[in-house]
Structure formats: C-alpha cells, structure tokens
Amino acid sequence: MPKYRSATTTHGRNMAGARALWRATGMTDADFGKPIIAVVNSFTQFVPGHVHLRDLGKLVAEQIEAAGGVAKEFNTIAVDDGIAMGHGGMLYSLPSRELIADSVEYMVNAHCADAMVCISNCDKITPGMLMASLRLNIPVIFVSGGPMEAGKTKLSDQIIKLDLVDAMIQGADPKVSDSQSDQVERSACPTCGSCSGMFTANSMNCLTEALGLSQPGNGSLLATHADRKQLFLNAGKRIVELTKRYYEQDDESALPRNIASKAAFENAMTLDIAMGGSTNTVLHLLAAAQEAEIDFTMSDIDKLSRKVPQLCKVAPSTQKYHMEDVHRAGGVIGILGELDRAGLLNRDVKNVLGLTLPQTLEQYDIIVTQDDAVKNMFRAGPAGIRTTQAFSQDCRWDTLDDDRSNGCIRSLEHAYSKDGGLAVLYGNFAENGCIVKTAGVDDSILKFTGPAKVYESQDDAVEAILGGKVVAGDVVVIRYEGPKGGPGMQEMLYPTSFLKSMGLGKACALITDGRFSGGTSGLSIGHVSPEAASGGSIGLIEDGDLIAIDIPNRGIQLQVSDAELAARREAQEARGNKAWTPKNRERQVSFALRAYASLATSADKGAVRDKSKLGG
C-alpha cells in the first residue's frame, strides 16, 4: 500500500526542520497525519478568464480541510492569448504551457504534495496543468473558471450575439464606422470567464469532462452563475475521498492515468470532432497523451475524424450559439449522450466521481435523466450584466434546449455534417499531417486550388492582407512560425480575421506551420508537419506554386514535381547554417524562447520537448 508522499516531510525526527516550517504555515500536530493537497490556482488580473479566481482557491481549500485534508494553495502563470495576439507577445503563449506544467511539477514534488485540485480556465493553463497531472500521476480534479457570457448588442435594429473575434474583424474592416466598431468592442466581452465561443479554452475545459478528470457541467456552466460554486465545493470534498482511496485503500483507479486512459482520450477526441472544437486541442491532447505514456497519435485522430459527425456548431463557426447555449442543451454530457447512442464512444471508462460513462449519462444527460436538480442546473443562463465576479447571478432559461433535430446539439440523424468538425490532411508538404477545423469552412471551398503567396512571418502576411496584396483565389502560406521556427508557434487569428475584414473569408485559404486561435474559422490549415525550421517541405514552397486542398479526401498537395522539390531542397541545404531559416526576417528572440526552441518538436508530436535530446 502506498504511503502518503507528504509523510516524507512530516514524519521522523530528521524532518524536524521541515515540520518547523510547516508549523509556520499554520499546520499543527493533528495535521501531520493528514494528506496535503495542493490547490493549484491560476488567478491573475491580466486575463478575464482568471480575474475571478482569487477567492476560489480558498473556497476549495475550506472544503478540503473540512473533509480531513490539509490544503496548500499556489499559483501558476497565465497568458491571455487574445491580449498577446498580433505582436511579439504571442511567441510566449505556447511555451508557457511547458512552464506551467513544469512549475506544477516543481511545486508538488518539492513539497511532496499528495494530490491536487487544478483551478484552470484559459488556453494554455488547462493543458499545462493537464500535462503536469498526468506526469505526476497523483489524484487530481479539474475545476475551471467557466465560460464568459456572450456579448450582445443592437445593430440594424436587431440584437446580435458577439465575442472577441467580432471585435477584431470589425475593428479591421474599413467599411465599418468608428462608432459601430467601438460599440462592438465594448459589447464583445461582457463578463469574467473564458471567451464565450467554442474557442481553445472552452474546448479544453469540455475535454477534461470527456477525459473523466472534471465534473459534469465543468465545460459549459457560466463563470458568473451561482450554480458553478457547487463544482468548486464538490471538488474540495471529492479530492480528499480520491486521495484516501489511493493511499489508504491502494485503489489505483483513483489515479489520473487510470481515469484518462487511452479509451478516454479517444472519447475526448471524438467529442472534440463532434463539437467542432479548437484545432489547438489536437496539439494539447497529443502532448497530454505523451505525459500519460499513452500511444495516441495523429493517426488515431485521423481515423476518428473519418467516422465522427458534427453534432454541435458553436461560435466562431456560427454566431447563433455560444457556450451558454451549449449548456442549455445539456453541455458536454448532452453531446456525449448523442455520441453514445450513435455507438461512437468507449463505454468502459470512469470519471472522478467514480461513475462509468453509462452511469454518468443516466444521471446527467438531459434527454434521459429523471433528476430535476440536474435539469435545473442545465437551465442556468446568462444575466447580461457586466461583471468580474464569479457566482454573481442566478438567472435561468425558462426551458431546456432538448431539440435534437434543430437545436444547438443534434442527434446522429440530424447532424450538422456527416463529417466531423476537425480533419487531418496529408500531402507532399505535410507528410506528417496538418489540421483544419472543417466546422468553420464553408461548403463552397472544401476543395480549393490556388497560387501560393508565401510569407516568412505573420507580420508580413498581415501587412500584405491589409495592403490589398492578397486577392481572391490566393493561398496564403505563412511559414517559419512553428514551435521551433517562431519560436513558439504563434496563433494566426489576426491574418484569418483580416481576410474576413477584407471580404476574402470564403475566397482564400491560409496554410501555416503555426497554429490558429480557437476563434479562427475559414479555410485555415495549420500545424503543418514537419515545420519549415525542421526541414519540412513547406519551406520549399515558392510564390505562384499551385496548391490543391481536398478536405473531403483528406489531401493537400503542392503541384510541383518531385524533381523540382529535390532541387529546391538541395539549394536550401546549400545555405549552410542559414538553411531552414527565414530570409529577411528581423525578430528579437529572447534567451528563454531560444531555450524552448532548442528542444521543441513539430506539431504532430504535440510541440512537446524532444526528450531524446536530454537522454530521455
């Protein structure tokens, strides 16, 4: 039977110094036999998705201590991708994922904590904490800060829903007046919480439900709603139960690697495809699987993408629905219920509540549950009041959205598309694959061929788009923006948003070895692997080369002969130490980013660090 990790620092005469320090934090003799549980918070005033988390760690800690544990809180960093977008700050976003994972490992192992409650929310924070949890493999529960309410404003005598992306598009559209742009900006992000669409943050918080590491409702229940408080209270109580199950009963089913099994990873990816989640989730699930030592690859994702339909369509793929609407329709469990009825899920999985998938669906799927309290929870809705306070309102929808024919969540028979919301494409410059969010691609451009316009930085591409140098029919190629080449694999939300601003959203394609924001839609193909900086053939594309994209057949092809590509590769290699680096790009790269780049792998590996370079 395993002993508490914390006993290393709390037991034995030789640990008198450690106990003296523990006493200085408020611990007493009675605490030294209890499990020490880390409350891993991520409060910051920089990020609306985290601005309301300051007091929530204390809320969880109180429940831990009431249940017989000792709670110790610490904080991680948190980068706001939206604020970091469009300038050098975006170089730091993806690398922050590794820093978060490492910082959690450092704190938990340095102090021998027995278990964790992870209070996450936004883009790299949930993935970083997830990676750490699976690396450490001690009992854990995730509880996120929750989604923002959708923005709403009146334009042309009609109330419309808004989010961050609308503010970006209208701000760059020369046809939009200053007053309208200002109105949209002021209305787009009305409350605390992660941005209101199915962007990266909300996608990842939904996936923790499918992985079994968070409670039902975690991905969709609004940050502002009073009902969300119960998730935090439950997490504090439940983590003590899980911890004692493992350490006192030798029950390894309480460990995250046994909950988030390969079957659970497949379910999570199935959910992601069905709900049209962010392409970034592919990157993060691949990275998390490696930490869990699970053989889950792009090949697995490709197989799933060919059989899973799209059952949910949410902003940015449509402005009709946001996360508040997904919640009203039953949230993640509602989508999983439809996938289960379609025979597309692994049923032999459990969650942190100890429930199997069938048990979870029986209790929490609004289509089948008899539990009025559950139905009431899914009626939790927005208040439409600007606030940065968690749990500040208790508004409810009059009815649930249980219409599986025409509602937010659809049944298999009434799917938005028989093809899912994400697809993996392969071709002669994406030998290891690339990713497209098909949920955001107009049917008219699922097949697209056009001449390449090549840029070696996001900045140059933005200048060209706004300067009118990109025209209908072009394929914009942005390279040397991968994990190593950027470094940091910048998100390309500004280029895709500006294409829409210029009226080219359905008339152009964009291909990159970088990545896209969860707010991106359009024919936007990212994660091209291998990346240019690693010798990938995307580095051989020249202006005017024809590129053919065939999403239905999962293909992407540079229409240049093998002989010509071989000649170009030879010329590239002849550049010596300048080979596979961008030409005429001036970019200040800090030592910290260079250190990240030296170990970074391409996107098909999750952009994790190359362990082989460290003898791992």
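Including glycine, each Cβ sits where the backbone N, Cα and C put it.
Positions annotated as active site, proton acceptor by Swiss-Prot: Ser517. What Swiss-Prot records for Asp81, Asp123, Lys124, Glu491 is Mg(2+) binding site, and it gives sequence analysis as the kind of evidence. For Cys122, Cys195, the entry in Swiss-Prot reads [2Fe-2S] cluster binding site, with the evidence type sequence analysis. The N6-carboxylysine annotation in Swiss-Prot covers Lys124.
Listed in sequence order, Ser42, Val47, Gly49, His50, Ala78, Val79, Asp80, Asp81, Gly145, Ser194, Thr200, Ala201 are the same-chain residues at least 6 apart in sequence whose CB falls under 8 Å from the CB of Cys122 ([2Fe-2S] cluster binding site).
With respect to Cβ neighbours within 10 Å, the binding-site residues Asp81, Glu491 differ, and Asp81 shows the lowest count.
Around Ser517 (active site, proton acceptor), the same-chain residues at least 6 positions away in sequence with a Cβ under 8 Å from its Cβ are Asp81, Gly82, Met85, Val165, Phe199, Thr200, Ser278, Asn280, Glu491, Met492, Leu493, Thr496. Classification of Asp81 (Mg(2+) binding site) by DSSP places it within a helix. Within 8 Å of the Cβ centroid of the Mg(2+) site, not counting the listed residues Asp81, Asp123, Lys124, Glu491, the chain contributes Val79, Ala84, Met90, Ser93, Leu94, Cys122, Thr200, Ala201, Asn280, Ser517.
The Cβ of Lys124 (Mg(2+) binding site) has 30 neighbouring Cβ atoms from other residues within 10 Å, across all protein chains displayed. In the three-state DSSP reading, Lys124 (Mg(2+) binding site) counts as coil. A Cα-Cα distance of 10 Å separates Asp123 (Mg(2+) binding site) from Cys195 ([2Fe-2S] cluster binding site). Cα separation, Lys124 (Mg(2+) binding site) to Cys195 ([2Fe-2S] cluster binding site), rounded: 14 Å. In the three-state DSSP reading, Ser517 (active site, proton acceptor) counts as coil. In the three-state DSSP scheme, Cys195 ([2Fe-2S] cluster binding site) is classed as coil. Taking a C-beta cut-off of under 8 Å and a sequence gap of six or more, Cys195 ([2Fe-2S] cluster binding site) has these contacts in its own chain: Pro48, Gly49, Gly82, Pro147, Met148, Asp163, Leu164, Cys189, Ala201, Asn202, Gly518, Gly519.
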